[in-house]
Amino acid sequence: MRTEAALQLGFCALCVMLALLGEGMGRELPDPPAVNCVWSRWAPWSSCDPCTNTRRRSRGVEVFGQFAGIACQGSVGDREYCITNAKCNLPPPRECSDSEFQCESGSCIKLRLKCNGDYDCEDGSDEDCEPLRKTCPPTVLDTNEQGRTAGYGINILGADPRMNPFNNDFFNGRCDKVRNPNTLQLDRLPWNIGVLNYQTLVEETASREIYEDSYSLLREMLKEMSIKVDAGLSFKFKSTEPSMSNNSLKLDASLEYEKKTMIKDVSELTNIKNKSFMRVKGRLQLSTYRMRSHQLQVADEFVAHVKSLPLEYEKGIYYAFLEDYGTHYTKNGKSGGEYELVYVLNQDTIKAKNLTERKIQECLKIGIEAEFATTSVQDGKAHAKLNKCDDVTTKSQGDVEGKAVVDNVMTSVKGGSLESAVTMRAKLNKEGVMDIATYQNWARTIASAPALINSEPEPIYMLIPTDIPGANSRIANLKQATADYVAEYNVCKCRPCHNGGTLALLDGKCICMCSNLFEGLGCQNFKGDKARVPAARPAVTQEGNWSCWSSWSNCQGQKRSRTRYCNTEGVLGAECRGEIRSEEYC
């Protein structure tokens, strides 16, 4: 630690000296010393749980990796097998009433649901008989993909949950139907869905501006992804806690087409020269749904995992639960597909061809119109571009670096088949633009593989059945775990950036997103200093970074408080905007 402090002080002194003496001399400041991930020590092992023969321990992140240092990629929790002489005292299973049937799993269903042709017990034990009568006529199909995946979870830090908490194969003896306009057949609605409406909406937008540097683009993308919590631009796209289930990890080849992968690629474009960026986003909405407000049917495995959570709070296992099911579930959602294209443009070619921003935007959009009078997603129309866009879209000159306007296209696709996403990328790589036929091929596959494209979140602890033993303790623990999870992976554990750079945390690594006037891992260098005729250095307010909040004080006079401090390490004269102290009623 002494060596690191000395390096920081030396770097600070060097920054001041060069800033005062070297302005306009083309001197380039070195990047700040690398900061490696620092974990806290492991807490002592818990006692051995006699019901699972498992003991657990946890640790925390103290400092995230930064300035090309090692990122924090490990897990907070740890567990191992153990042996104990203590007895497992599980509460007795719930006794079903005379009007109920007990499934082999121990759950209870209404007796009228027995032998109706539906698996109202997830284990199918209610159908060990000849169906007396089927709930739905044979013309009605099973539930569609929108119904099967309804309610899928959301992680407020960005990771995709590994499991769905709902049992959407439960119908409660009802035969609610909806006509699917894509198949023209009737689909059956699960009990958990209160309303499902099919409504085709198509939209396509191009960024209002061409981004001059990758940081401006990245900053905009991250702000769009962030959910409004007190976490700043903090993201954790990779789940790092071991799953509570052996069957939760589903490796999907389409992951390479996720927006998270695109964000990672953009964040690594720090040294690219003479390039600018433009975004084109498209969305095809097929349906909207609303979950029931009460009596939601959760999966047996979800209940089993809730029951296995220790009554005494231990953050590692609770984090694992949140990464399995999400910090929230989807109360209301929209299903369909969306794509995002980031065009890497060659500035030299744009200037040589005298192209305007407006022309580039119009030519790189697909040009989709929606025929809302029809019910098919295949009836899109394309604006005729004729040959006026050849100087923008053609890649026939792309064999030689720098001749084409479009150097590269980064693709993010959500919804639809993997094959259609591959075709889309191949078309973009070959011609630099996507046409209406490629779009239609992708759109046709969305009905069979829809994605959640918009959601209204509700805390996951709201799904815990209140009739299970220890429900209130586990609900309180999950509330604390959600707050701790956001605080654990937070930019407050990063060091500040120079010259007004914006801090972001991506998968255990802090990055400084510089304004278009500055560069370097810490935004320490003014680009104008390297020009043949040095530009005047602008006046910049140096900003520190708030530390993490302290723990809440004890409740006194119906109030409690917490504090934080302004971290200015490595940035002289920096200040923080905001309050040092906060209070709330208790």
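Backbone N, Cα and C define each Cβ position, glycine as well.
Noted from Swiss-Prot: Cys103 is disulfide-bonded to Cys121, selected from Cys72, Cys82, Cys121, Cys129. Here Cys72 is paired by Swiss-Prot through a disulfide bond, and of Cys37, Cys48, Cys51, Cys96 its partner is Cys37. Record source Swiss-Prot places Cys512 in a disulfide bond whose other cysteine, from Cys494, Cys497, is Cys497. Noted from Swiss-Prot: Cys88 is disulfide-bonded to Cys51, selected from Cys51, Cys96, Cys108, Cys115.
Averaged across the domain 'TSP type-1 2' (543-585), pLDDT in this predicted model comes to 93. The closest partner of Cys51 (disulfide bond) among the recorded positions, by CA position, is Cys121; the full candidate set was Cys121, Cys136, Cys175, Asn274, Cys497. Looking at Cys37 (disulfide bond) and Cys115 (disulfide bond), their Cα atoms lie 57 Å from each other.
Counting in whole angstrom, Cys88 (disulfide bond) lies 11 from Cys48 (disulfide bond) by their C-alpha atoms. Secondary structure of the domain 'LDL-receptor class A' (94-131), assigned with DSSP and counted as helix (H, G, I), strand (E, B) and coil, comes to 6 helix, 6 strand, 26 coil.
Checking the recorded positions (Cys136, Asn246, Cys363, Cys389, Cys523, Asn545) against Cys494 (disulfide bond) with a 10 Å Cα-Cα cut-off leaves Asn545.
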